[in-house]
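Asker: Feature table excerpt (TrEMBL):
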type	residues	note
TRANSMEM	21-40	transmembrane segment
DOMAIN	60-171	domain 'Peptidase S54 rhomboid'
TRANSMEM	60-88	transmembrane segment
TRANSMEM	100-118	transmembrane segment
TRANSMEM	124-144	transmembrane segment
TRANSMEM	151-174	transmembrane segment
Amino acid sequence: MRYQLQSQYGQFSWKPRYFTDAIKVLIGVNLLLFVFRIIAQDQVDLAGIFGLSPSTVWPMIWQPFTYIFIHGGFWHVAINMLVLWMFGSEMEMVWGKKEFLKYYFITGVGSGFVWLLFNIGAQHPVVLIGASGAVYGILMAYGLMFPNRTIYLYFVVPIKVKWFVLFIGAIAFFSSM
């Protein structure tokens, strides 16, 4: 059994933490496709087929739904899946599997459409891959539901979830400029 430090109302305790059903499936599919992308990188361009691109989205209308399962590198998939597990597990427990998946895909597909709006006239070919939009959506929901919960950055620095989400959002915003 795995344990994780959890906090409720400022009290800390060690409680069992499992992978919830939707989280298991999402992480499994992402990791499977990541490994397949590495193995087949010379034969199949998964990012070109399933990644979201303004120049190919019209004939390939599945791209807004599939780009969230393709990742660029080890750290890209590792960080996205770690954050998805850490915050998504609890959101799935609160909302239930169906509502969690609906929210995950709405934020993932929605962030893809917003990205498309900003990249329609791109002068060079651009492709969006990764679950970051959906993961940021989960982080935002977690921050709104549990704003005063304390988490530990690097297992040492205590920070309220609301400030952590704001900090991560600011980094994402300014790094995209």
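Note that Cβ sites are derived from N, Cα and C of the backbone, with glycine treated the same way.
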Asker: Quick test of the contact rule: Cβ under 8 Å, at least six residues beyond the ends. What residues does that give for the transmembrane segment (60-88)?
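Answerer: 19-20, 22-23, 26-27, 29-31, 33-34, 37, 46-47, 49-53, 100, 104-105, 108-109, 112-113, 116, 127-135, 138-139, 142.
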Asker: What are the helix, strand and coil residue counts for the domain 'Peptidase S54 rhomboid' (60-171) according to DSSP?
Answerer: 77 helix, 9 strand, 26 coil
Asker: Considering every residue in the domain 'Peptidase S54 rhomboid' (60-171), what is the mean pLDDT value?
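Answerer: Summing pLDDT over the domain 'Peptidase S54 rhomboid' (60-171) and dividing by its length gives 95.
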